[in-house]
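Pulled from Swiss-Prot:
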{"type": "ACT_SITE", "residues": "43", "note": "active site"}
{"type": "ACT_SITE", "residues": "91", "note": "active site"}
{"type": "TRANSMEM", "residues": "19-37", "note": "transmembrane segment"}
């Protein structure tokens, strides 16, 4: 009986040591390096959730790349919603600071993206709440860079950083006139 209590005590002690090492490492990894997220909604179709409401893609979000604001045109990023800080949204980077972009929708105007900001849009233009609605987004709202689709298994793939052909940038301010 005494032997069995000693074994239980050693096991419990080893478990506690492992737990108190593993939890901080896991939390740090998920906060600083990468995490996974489920994508909901139709705003990024056909790139994400091509099946509509029947399926939700799960993506790998890499925190490392956005840590130094290393974003490129075409990247799919996760960011804090400028209209609801409790919500994270996923959009494609269309323009960087200093770029001139033509807005989509009823306004059809030109906007020069200010310093420290980016222009983001959903791939499904008619169903996306994006920079066409709320304007340029501060780089400080960036959360992560979506790099891969992890689920469902048939959609496993690397997400490419490509600009949609209809969203080519305005080359100069003269092109706006």
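Note that Cβ sites are derived from N, Cα and C of the backbone, with glycine treated the same way.
The Cβ neighbour count for residue 91 (active site), using a 10 Å radius over every protein chain in view, is 25. A distance of 8 Å separates the Cα atom of residue 43 (active site) from that of residue 91 (active site).
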